[in-house]
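Colleague: Can you keep this structure in mind? I'll have questions shortly.
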Amino acid sequence: MTDPAGPRGSETERLLTPNPGYGTQVGPSPAPPTPPEEEDLRRRLKYFFMSPCDKFRAKGRKPCKLMLQVVKILVVTVQLILFGLSNQLAVTFREENTIAFRHLFLLGYSDGADDTFAAYTQEQLYQAIFHAVDQYLALPDVSLGRYAYVHGGGDPWTNGSGLALCQRYYHRGHVDPANDTFDIDPMVVTDCIQVDPPERPPPSPSDDLALLEGSSSYKNLTLKFHKLVNVTIHFRLKTINLQSLINNEIPDCYTFSVLITFDNKAHSGRIPISLETQAHIQECKHPSVFRHGDNSFRLLFDVVVILTCSLSFLLCARSLLRGFLLQNEFVRFMWRQRRRVISLWERLEFVNGWYILLVTSDVLTISGTIMKIGIEAKNLASYDVCSILLGTSTLLVWVGVIRYLTFFHNYNILIATLRVALPSVMRFCCCVAVIYLGYCFCGWIVLGPYHVKFRSLSMVSECLFSLINGDDMFVTFAAMQAQQGRSSLVWLFSQLYLYSFISLFIYMVLSLFIALITGAYDTIKHPGGAGAEESELQAYIAQCQDSPTSGKFRRGSGSACSLLCCCGRDPSEEHSLLVN
């Protein structure tokens, strides 16, 4: 028979032994009451990690941040669309003017010939140079656009003139291929010829000779081909973008800096010819548009966006601050009562990443909106910077919507899968990146001189990434096939290089990557949560058995929750669906 003292002794020992458990006692004896201070802290912790729906049920607190985010999504998206239409017109205007300049100033230019457009004889080079200058002088008579000359050109070599024709060459250069000798002084000398545009209106016939003598000095240009580095033509033109009238905006005044380059650095018998432009936008003087509508609505709308984002920033920053203060209180309490040090990962559970994302989007939106107001007032011209700020902020705002979708169990699959798979995916990507960079460097140094897609490290990376996705695979092989006659060794290496890369990354790396995601998805399908073990902080909070409708969270309204929140959630899912 069992000794009766045995159970009584073990029971006594169990009761006298300190138990670090969180409020769960097994046995017939009642659990010691929880101190009011600890119960209050646990209840506040539970309320802090509640969803907006549960907070509404607990205190009758309306989800103001949720409603504000919905309003912010609408106004930010509308603002982005309005600015996008305006920015599209500005970018299109710059691109079309650049194309027009290439057809005007480059002799024999055709669309799509930027990489192959070049001069191969001395006569072709002289003709190309003189054609560009002649077209510049005759621009008002030949151009379909309305352009004006700018004296000074913004270049130090123009010396107050409208156009600068410069050749750069080595200070001393003697090359004798017959004897395999050369004598080069690498110091570069620049000689420029200034050309002034004709005055408008056209001069009288008696002044034709003087005009011809004044504007044809560039015809005396003599190029030093044996030591020539390059020839450049630089000038500036003014024009007005009238397309903005479509969006009920005041037109912008543009100044285009045009640079034509004849590049002879390689001394290979081929001189590439290129034309590049830089557009500078400034406010027009004394603008007058008949029947132009009032633009105050755009300004008022931008002010509404700034106020909305400022309010969102304050609310989210306040929530982050409350989390930080509650974290400090929890850390001090656990150390004072249980001498337990809270780990960094438990501290980070108080930091709501979604609020950080929303705060970042608010800062970007406010900055972009202020810049947009300056652009529409013609005080700024940073279209690209403004578009990046507004575009990124809109992306973050829409991504922030996922937080509220995760309160629904069926919509939480994406975030839960990412949370479970992210650590493994990051470790896996670190290993893959080492192999990928090795292939990039190898392809660039070996195949770069023979394949246009391997000419730079960025192009190599883009090409290899396309191969992983199965794009341009045949074109890449075909381009190397054409080089087989030039170097059979390089061609053989390219076959080994491409086949090994494709086999490794498509059949192994991609398969393992997909397997990691699939494994994470299979994990979250098991009962008991989103695939991750319950942390000690969540276990501590779970000891608070008070439901949101118990009235112990400061009695509030018990009305039905918002349609955008989750209703009737199972208590077992309450903590598994939390997204901090």
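We count from 1, first residue shown onward.
Positions of Cβ are set from backbone N, Cα and C atoms, glycine also.
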Colleague: Looking only at Cys253, Cys316, which is named in Swiss-Prot as the disulfide mate of Cys284?
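Modeller: Candidates were Cys253, Cys316; Swiss-Prot matches Cys284 with Cys253.
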Colleague: Could you tell me whether Swiss-Prot assigns Asn230 and Ala479 to the same side of the membrane?
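Modeller: Topo match: yes.
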Colleague: Write down the residue from Asn179, Asn230 that Swiss-Prot flags as N-linked glycosylation site.
Modeller: Asn230
Colleague: Name the residue range among 121-141, 457-477 that Swiss-Prot annotates as intramembrane segment.
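Modeller: Checking Swiss-Prot against the ranges 121-141, 457-477, the intramembrane segment one is 457-477.
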Colleague: Between Cys166, Cys309, work out which one Swiss-Prot annotates as bonded to Cys192 by a disulfide.
Modeller: Cys166
Colleague: If we skip the immediate neighbours and take only residues 6+ beyond the ends of the transmembrane segment (351-371), which ones have a Cβ under 8 Å from one of its Cβ atoms?
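Modeller: Distal contacts: 69, 76, 79, 302, 305-306, 309-310, 312-313, 316-317, 319-320, 323-324, 380, 382, 385-386, 389-390, 392-394, 396-397, 399-400, 403, 579-580.
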Colleague: Using a Cβ cut-off of under 8 Å, list the residues of the same chain at least 6 residues beyond the transmembrane segment (66-86) that approach it.
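Modeller: Contacts with the transmembrane segment (66-86): 52, 244, 247, 249, 298, 301-302, 304-305, 308-309, 311-312, 315, 358, 365, 369, 372, 386-387, 390-391, 393-394, 397-398, 400-401, 404, 562, 564-565.
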Colleague: Using DSSP reduced to three states, classify Cys284 (disulfide bond) as helix, strand or coil.
Modeller: coil
Colleague: Looking only at Cβ atoms, how many others are within 10 Å of the one on Cys253 (disulfide bond)?
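Modeller: For Cys253 (disulfide bond), the 10 Å Cβ neighbour count is 17.
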Colleague: Taking the Cβ of Cys166 (disulfide bond) as the centre, how many other Cβ atoms fall within a 10 Å radius?
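Modeller: Counting Cβ neighbours of Cys166 (disulfide bond) within 10 Å gives 17.
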